[in-house]
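What TrEMBL says about this protein:
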- 62-84: transmembrane segment (TRANSMEM)
- 96-119: transmembrane segment (TRANSMEM)
- 131-153: transmembrane segment (TRANSMEM)
- 159-180: transmembrane segment (TRANSMEM)
- 187-207: transmembrane segment (TRANSMEM)
- 222-242: transmembrane segment (TRANSMEM)
- 325-348: transmembrane segment (TRANSMEM)
- 368-386: transmembrane segment (TRANSMEM)
Amino acid sequence: MEKDGDGGEGLRHHAIRLPLAAMEGSGSEITSNGGPSVSLRQKASSLMASSAAAYRSKPASFWALLALSGGAMLTAFPAASLLSRLYYNGGGQSKWILSWSAVAGWPIPALLLLPCYLFSDASPTWPPSPWLCFWYALLGLLSAADNLMYAWAYAYLPASTASLVAASSLAFSAVFGRLIVGKKNRIGLSTLNAIVVITAGVVIIALDSGSDRYPGVTGRQYALGFALDVAGSALHGLIFALSELVFDKYLSNGSGDGAAATRFHVVLEQQAAVSLSAFAFTSAGLAATDGFAAMRREAAGFSAAGGGKAGYAMVMGWSAATFQLGVLGATGVVYLGSTVLAGVLNAVRVPLTSVAAVVWFHDPMSGFKILSLVITVWGFGSYMVGHSSAKKTSGGSPQ
């Protein structure tokens, strides 16, 4: 656990890992009958004890909130990706409308704040400082740009391909987390290995661009969607890192782990403010492009989810809800864990989205795409194993 400058333990940004360092070293000997030596059994026992100690070092509320946040990422984000593709398959054409639906659910975290204020000791962060308002506005602007980039990407790429390319967000999360936040997001050998492997998977997708192009999508449009998908992933990693920086500088009060349930309201506050800011920026762009009138035209001819206005409203409504819950989960992971942990979980959703897109949308799955999927899974899998088994430094930060 990271300590505050005054020596107190803080809820913020705990290094979450299983200390497997006890298994490293040269003491693994084999007896003459082929079984493990006493030394190896002792190390296994030490591993179990240290893992249990790591679990007991944080209260159940901490793990419950982390599990809920991670679960929201792994379910809501894939659903939002599939709904983005469904919007285009049903006849939707406006990138601004799709990006607007991603932030139209901003009242969700605001509504979740009410029980926090009414039934707990949580109090609003009010009035927010001018710098905090600046960061909320900046993060909202970056989120609006990120959503628009992904809207362009899903217009020209199959959902499975777009999700595979978006796995590059792990690399950007690691780099930006290290550069902006510092030692809490250290880049070790396991992180570098994951960056290289996942980047190789993205390159394979780029080399195989002709196998999964939708009819009517030109080579230039495919390349544009691919480039914007990578750019959106980079911006995603930057948003994670800046969010962690805001938590560090403005929303951490040095409270201990026992206050996890009450201090978690700052996640809802930040998400409500940032989403409202993004909603304002996106609404301005939508109005400037006559997008609100286009919604009525698209709804009349929509063919997915039962078709018509009802089907259109269903797709837009679920898009707003799932995307907001996914971002809220990611913000919670950043708050309780780190930028890199959020990047890892963001990459874990890749196989979920890819497989679901093949099943529901019959996305083409070429040999190169399968290879890219395997490489991507191997990349973040090796990161998790390497990160878990990294030796603790004197400060206890992961390698």
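Using N, Cα and C of the backbone, Cβ positions are placed for all residues, glycine too.
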Checklist entry - To the transmembrane segment (159-180), which of 96-119, 131-153, 187-207, 222-242, 368-386 is linked by the most Cβ pairs under 8 Å? => result 222-242
Item to check | Same-chain residue ranges lying at least 6 outside the transmembrane segment (368-386) that approach it to Cβ under 8 Å | outcome: 160-161, 164, 167, 170, 188-191, 193-194, 196-198, 200-202, 204-205, 207-208, 211-212, 344, 347-348, 350-351, 354
Next on the checklist: Is it true that the transmembrane segment (222-242) and the transmembrane segment (96-119) have 3 or more CB pairs under 8 Å, sequence gap of 6 or more?
Outcome noted: no
Checklist entry - Given the transmembrane segment (131-153), which of the listed stretches 62-84, 96-119, 187-207, 325-348 has the most Cβ pairs that are under 8 Å apart from it? => result 96-119
Checklist outcome for this item: Contact count check, CB pairs under 8 angstroms to the transmembrane segment (62-84), set 96-119, 187-207, 325-348; argmax is 325-348
Item to check | Intrachain residues whose Cβ lies under 8 Å of the transmembrane segment (187-207), provided they are six or more past its termini | outcome: 161, 164-165, 167-168, 170-171, 174-175, 178, 226, 230, 340, 347, 368-369, 371-373, 375-376, 378-380, 382-383, 385-387, 390, 398-399
Item to check | Intrachain residues whose Cβ lies under 8 Å of the transmembrane segment (325-348), provided they are six or more past its termini | outcome: 11-16, 62, 65-66, 68-77, 79-80, 105, 108-109, 143, 166-167, 169-174, 176-177, 180-181, 184-185, 191, 198, 236-237, 240-241, 243-244, 247, 260, 264, 266-268, 270-271, 275, 376, 379-380, 383-384
